């Protein structure tokens, strides 16, 4: 009970219905050394202009696997966030394809793994080919180099 009350004390709140109020709260949080904004992926998508207009010190994405599709709108918006540091919390960064792993890493370390086509050709494809039953020794070695 005590921690819950402490967390709420002095933290302004907005339900997102009033745009000027939302913009003021976001700007106030951005200027504050201890400003904190908790939002949903849906609000990030709906009010992207408000969120993208601010330089954030830190972005933490809970349920970060929601940006593992590199072609989704929310992934694109999240990657446009101007931040100093980025973190992702997820229990399942990869479900089916290595492109999902690339997408998550590209949010955390933009450009570090190259573009998606480069990553696909230089890493994902060799790993896939080297993982097949009966793959040649050269294909397995190439997969391990990635």
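Backbone N, Cα and C define each Cβ position, glycine as well.
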Quiz item: Which residue range, 1-22, 23-44, is the one TrEMBL calls region 'Disordered'?
Solution: 1-22
Exercise. Provide the three-state DSSP residue tally for the domain 'Helicase ATP-binding' (1-111): helix first, then strand, then coil.
Key: 54 helix, 16 strand, 41 coil
